[in-house]
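As recorded in Swiss-Prot:
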ACT_SITE  ASP204  active site, proton acceptor
ACT_SITE  ASP221  active site, 4-aspartylphosphate intermediate
BINDING   LYS91  ATP binding site
BINDING   ASN209, ASP221  Mg(2+) binding site
COMPBIAS  312-321  compositional bias 'Low complexity'
COMPBIAS  361-372  compositional bias 'Basic residues'
DOMAIN    41-387  domain 'Protein kinase'
REGION    309-372  region 'Disordered'
Amino acid sequence: MKETRAEKRKKDKSDRATVDKVLDKRTLKVLERLQARGKLVNLQGSLCTGKESNVYLGEASTSLCSKFIKNRYSVTEEPGREGQIVPVVVKIFKTSIMSFRDRERYIRSEKRFQRFCTSNSRKLIKVWAEKEVRNLKRLNNAGIPSPEPIYLKNNILVMTQIGRCSEVAPRLRDASIKDLEGCYQQCVKIIRDMYKKAGLVHADLSEFNLLYFEGVVYVIDVGQSVEIDHDNAQRFLIMDINNINSFFSRKGVSVAKGNDLFEEISGNVIPLYLKDIDIGRDAFIPSRVSEVGNEEDLLAFAADSRSREFGSTTDSDLSSTGEASVEDSDASLGATESRGGGNIREEKKRKKKTVKELNRIRRASRISKKEKKRIFKRYIGMKKRKN
């Protein structure tokens, strides 16, 4: 029986009540419809609980599909299995209790998500779920071991299960690994392929977000993954590398140096004066002269740029030809700054003075709100008289 208009307007606190922090009234209604249609069966209890979602085991029909994913019958490629039941994982994102409160910083600066609502948690979660599906499809297309998305509706995501019906793939943290060195190389390859093939940085890669099954490492939880041109992509990449190195070094594996992995994967070159320092996630690596703040760092950056182009430069060469190095590096990088730090400061002062002058002229010619209203009323009156 359909609800009347008056009943639809009634809202109660119980409508927002949740079970397991994710199963509210709307979510339960979607699950009940899927079960009534025979698309989702044998939904079991919570497999694990994370900061952003709960994961449940179940079984789904191979005919299950959604408009957003558009992959009907792609769960299995074997002919004659259309409409059969396969094991799946149901990931339900939390809506009422936002234990993962900094989702916005992973979505902002993403060209794929220019407009999103931050005041409505349900709309934000919907964007987050869509982001995870898009990232998973990128990984699937790049051949990176990961689950395949099957169905998406609001905050409910159905994916293929990693493992067998009776055996779910354990997290890397809980797995018994015989070949630790090979497993480490697989993890490094995942970071490299995500960056170079899929154009993504995981941003939360650790032993908790990797599964290990039959000697293969699978990557999961890519909702927070960002594109490589994201403002924080470099920071997240360093964090992922350090997390993997830290885990395997505790296991006794001889890991590669974080700086070397960062240079190999990202293609960025760490300056010579930072080579002996293990970069952290908050490290800033300048790529042009305009990003260098003071004169001392400018000379070091110039010497580093010169040595990369013409070979190594000694300290004596730097002291004798410091100003020339600055000038040469500026010319090679196409920078607008002139020789030395003093001229740079003068240039900044001149630009600041120009901006102040332009703002003063703009304020002088600004029309007040009262004058705008008077002009608008006169325009409306003239329009009415013409009609």
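Placed from the backbone N, Cα and C atoms, the Cβ positions cover glycine too.
Outside the compositional bias 'Basic residues' (361-372) by six or more residues, the chain places nothing with a CB less than 8 A from a CB of the stretch. Counting every protein chain shown, 26 other Cβ atoms lie within 10 Å of the Cβ of the residue listed as 'ATP binding site'.
In this structure the C-alpha atoms belonging to ASP221 (active site, 4-aspartylphosphate intermediate) and ASP204 (active site, proton acceptor) are separated by 8 Å. When pLDDT is averaged over the domain 'Protein kinase' (41-387), the result is 75. Rounded to a whole number, the distance between the Cα atoms of ASN209 (Mg(2+) binding site) and LYS91 (ATP binding site) is 14 Å. Counting only same-chain residues six or more apart in sequence, the Cβ atoms lying under 8 angstroms from the Cβ of the residue listed as 'active site, proton acceptor' belong to ASP221, GLN224, SER225, PHE236, ASP240. Cβ neighbours of ASN209 (Mg(2+) binding site) (same chain, under 8 Å, six or more residues apart in sequence): ARG171, HIS202, VAL219, ILE220, ASP221.
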